[in-house]
Structure formats: C-alpha cells, structure tokens
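Let me begin by presenting the structure, written as structure tokens, before commenting on it.
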Amino acid sequence: MKKGWIIAIAIFITVVCAGFGTQHIMANQNNEQLTKEEVKEIVHKQYKGTFQSIKLVGKDDKKVYEIIMETKQGTYKVVVDAYSGEIINLKEIERKKEKKITEEKAKEIALAEVAGTFKTIKLEDREGTAVYIVEIETEPGIVTVVEVEAKKGAIIGQYVNTEHEPEQPPQTVITEQQAKDIAVQSVPGAAVSYVSTAETNTGLAYKVTLQHGTQQIDVLVHSITGEVVAKTTISTGDDDDDDNETNQPASGGQNQQNNNQPSQQPSHNNGSNQQNNNNQPSTPPPSQGQQDDDDDGGDDQDDSGDDDGDDD
C-alpha cells in the first residue's frame with residue numbers, strides 16, 4: 001500500500017517537472033525580437049527627449065538597439081536589449097551648452113532698470129547659475145550693481161557698492177590770498193614767491209614761500225583756522241659767506257707777513273740812528289736866529305767860492 005503511494009507521488013513530481021520544462025522551452029521559442037517602436041516606447045517612459053537615430057546591431061540573441069537621443073541636459077547614447085527591452089547602457093555624448101544672453105543685452109537690461117553711466121560688466125557662476133554683474137555710476141562716486149541672470153535676462157539682484165564712495169574734496173575756509181596775507185604778516189618785509197598746498201597732522205594747509213633778502217622762508221598756514229602751523233627759514237647766502245670766511249685767514253696771514261717786514265726795518269734803522277746819535281753830542285735845537293746865521297754862513301761860503309774863481 002505504501003509502495004503504491006510512493007510510486008504515485010513520484011509520477012506526479014515527474015509530470016510537474018516535465019510541464020515546467022516544456023513551458024520554459026516554449027517561452028524561449030516565443031521570445032521575439034522587439035521592434036524599434038517598442039524600444040522607443042520603453043526608453044521614452046524613462047527619459048524625455050528627441051530620438052535622433054536608432055539602429056540594430058549584434059548577432060543572434062545578442063542583438064541590441066543603439067539609440068541617439070537629445071534631452072535638455074545634452075545628447076545621450078542608449079543601448080537596449082533587442083529581446084527583453086532592458087536598458088543596458090546610457091552614456092552622455094555631448095553636454096548641451098546653456099544659452100546665454102550677450103553682454104550687450106545684459107548691459108541694456110541693467111541700464112533700463114538703473115539710470116546712469118555704464119562702468120563695467122563681468123560674468124560669474126553663482127552655484128551653477130550664470131549671472132552678469134553690471135556696474136552703473138548713478139552719481140559721481142556712487143556705483144549701483146545690477147545682477148542679471150544670463151539665461152533669461154531676469155534681474156535677480158541690485159545694490160549700491162559702498163566701496164565706491166565719493167571722495168570728499170579738501171575743506172577750505174580761508175582763501176589763497178588770505179593765506180598770503182597771513183604769511184607776509186608773520187614775516188614783515190618779505191615777498192611772496194609762490195603758494196601750494198600740503199597735508200599736515202592738523203589737516204590741509206597753504207604752503208606760502210616767501211623771499212626776504214637772502215633768506216627763503218616757508219610758512220604753513222592752516223586752511224581752516226588761518227593759524228601759522230610752521231615756519232622754516234632757508235638762507236640762500238650761506239655758500240658765499242663760507243667762501244669769504246675761508247679767504248679771510250689767508251689774507252690775514254699775508255697782511256701779517258707784510259706787517260712784519262716794516263717792523264724789522266725800523267728796528268734796524270733805529271739801531272743805526274741810535275749809534276749815530278750816541279757818537280754825536282746832543283745839542284739843543286738851534287734857535288731861529290742861529291738858523292739865519294747858518295744861512296748867511298752858507299751864503300758867505302758861496303761868495304768865497306766865487307772869489308776863488310775870480311782869483312784864478
């Protein structure tokens with residue numbers, strides 16, 4: 001009895017296995033090659049784009065469809081099994097370049113939004129989004145920056161660039177003529193040569209250059225308070241004075257030498273005179289009458305001489 005059940009079960013299993021084997025064989029025989037339209041439909045369900053080409057390659061049961069399609073992101077090559085419709089491979093061939101508006105167009109958009117004078121423009125990448133940065137000078141020294149999205153030309157930002165603040169002109173209260181007058185008052189008798197401006201620790205000042213004789217004097221006059229901040233004197237005759245001082249010792253030496261020579265002569269003459277005076281008796285100076293007698297004596301000598309001549 002038991003043997004009968006065992007035989008029956010074995011027969012049942014054999015029949016079932018045979019049935020599954022036959023079904024599998026029939027399934028392989030019914031696995032037909034898919035058409036191009038069927039493959040396109042399979043691919044299109046997963047990827048949106050335009051089919052550029054499709055072709056069947058390979059042999060026997062290893063045939064595949066190679067599809068070239070274009071999407072928003074770029075151009076792709078899709079490989080699909082020709083029998084099962086399975087997508088075997090997907091490869092990007094070329095990335096689609098993002099279309100952008102031109103710099104000139106971005107400039108026009110920015111100037112239409114903000115009135116002013118165009119300064120500069122540059123293209124930047126903001127987290128994958130191309131943006132034109134346009135600078136426009138709205139007032140002297142004030143620059144407004146307009147951000148224009150490069151794909152659609154939409155304005156996505158606008159602000160004032162604080163780095164381009166206008167430079168404040170130097171504040172002046174007194175005039176140049178007033179600075180001249182103040183400088184001349186500080187140096188009476190001086191004449192103004194020229195005037196310029198200079199920065200000091202206390203602010204802007206007028207630099208008034210004066211000429212006073214051989215001296216050049218620079219006077220700094222504060223441009224707001226009119227106070228004399230500093231005064232510098234430069235002597236223009238220092239070189240000549242130095243030359244004169246240098247020559248004076250040499251002249252003094254020559255004069256000293258010349259002065260020494262006459263001093264020696266009197267000493268020699270004095271010695272001779274002293275010797276002669278010592279040898280001669282000292283007599284009082286003759287009176288007026290004595291001088292007349294001497295003159296008469298002289299005349300007598302002349303007369304005697306004449307007489308001698310006559311005798312001869």
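From the backbone N, Cα and C atoms, a Cβ is placed for every residue, glycine too.
The annotation compositional bias 'Low complexity' is assigned in TrEMBL to 247-281.
If you look up TrEMBL, you'll see 291-312 marked as compositional bias 'Acidic residues'.
For 34-89 (among others), the entry in TrEMBL reads domain 'PepSY'.
DSSP states for the domain 'PepSY' (100-159), grouped as helix (H, G, I), strand (E, B) and coil, give 11 helix, 34 strand, 15 coil. Residues or ranges marked as domain 'PepSY' by TrEMBL: 100-159 (among others).
Per TrEMBL, domain 'PepSY' is recorded for 174-230 (among others).
The annotation region 'Disordered' is assigned in TrEMBL to 233-312.
Per-class residue totals from DSSP over the domain 'PepSY' (174-230), listed helix then strand then coil: 11 helix, 31 strand, 15 coil. Broken down with DSSP, the domain 'PepSY' (34-89) shows 14 helix, 26 strand, 16 coil. Confidence annotation: the domain 'PepSY' (34-89) carries a mean pLDDT of 90 in the model.
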